[in-house]
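Student: Quick one: the structure is below, questions incoming.
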Amino acid sequence: MDIAIQHPWFKRALGPFYPSRLFDQFFGEGLFEYDLLPFLSSTISPYYRQSLFRTVLDSGISEVRSDRDKFVIFLDVKHFSPEDLTVKVLEDFVEIHGKHNERQDDHGYISREFHRRYRLPSNVDQSALSCSLSADGMLTFSGPKIPSGVDAGHSERAIPVSREEKPSSAPSS
């Protein structure tokens, strides 16, 4: 078995072109050394590698599931309360907007805002859509699918966000 050994100077040749955490969903949670200078760490210490597991944990969760019977969106919004969230259905899209004003945390003052837009499948029953926020900050937007050939009814409407007292059963991958 041959193992190719790559010289450390070439390890991050495309470093500036790799995406960083700066534009991830939870960019407001703080920056790490590798976020600001991702290629510098490998230049100074060629054997230093950031933890891939840490990067996965830092990126948050946004998952869409569409099976035969229902359509579900899981979105990690742990920094927002139901009052900070707006969920609207506009024709074939669901728009989720979260915004909270400046508040104090461990590192000073911070304000956060995000806007997500997802396309709804054409066979989702828009009159039966629901949205809930679990105790651990997982927003679950769901709607049943209807048999093909039946009109799903497209209109603009707001979906209220209800609060659940139990943690989410969404995957934590």
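Cβ atoms are placed via backbone N, Cα and C, with glycine included.
Annotations per Swiss-Prot:
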- Met1: N-acetylmethionine (MOD_RES)
- 1-63: region 'Required for complex formation with BFSP1 and BFSP2' (REGION)
- Gln6: deamidated glutamine (MOD_RES)
- Ser45: phosphoserine (MOD_RES)
- Gln50: deamidated glutamine (MOD_RES)
- 52-162: domain 'sHSP' (DOMAIN)
- Lys70: N6-acetyllysine (MOD_RES)
- Lys99: N6-acetyllysine (MOD_RES)
- His100, Glu102: Zn(2+) 1 binding site (BINDING)
- Asn101: deamidated asparagine (MOD_RES)
- His107: Zn(2+) 2 binding site (BINDING)
- Ser122: phosphoserine (MOD_RES)
- Asn123: deamidated asparagine (MOD_RES)
- Ser162: O-linked glycosylation site (CARBOHYD)
Student: Would you mind splitting the domain 'sHSP' (52-162) into helix, strand and coil residue counts from DSSP?
Tutor: 13 helix, 61 strand, 37 coil
Student: What Cα-Cα separation, expressed in whole Å, is found between Ser162 (O-linked glycosylation site) and His100 (Zn(2+) 1 binding site)?
Tutor: 18
Student: What number of additional C-beta atoms lies within 10 angstroms of the C-beta atom of Ser122 (phosphoserine)?
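Tutor: For Ser122 (phosphoserine), the count of other Cβ atoms within 10 Å is 12.
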Student: By the count of other Cβ atoms within 10 Å, pick out the sparsest of the modified residues Asn101, Asn123.
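Tutor: Checked Asn101, Asn123; of these modified residues, fewest Cβ neighbours within 10 Å: Asn101.
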Student: So if I draw a 10 Å sphere around the Cβ of Lys99 (N6-acetyllysine), how many other Cβ atoms end up inside it?
Tutor: 13
Student: What is the average pLDDT across the region 'Required for complex formation with BFSP1 and BFSP2' (1-63)?
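Tutor: Averaging the confidence scores along the region 'Required for complex formation with BFSP1 and BFSP2' (1-63) gives 53.
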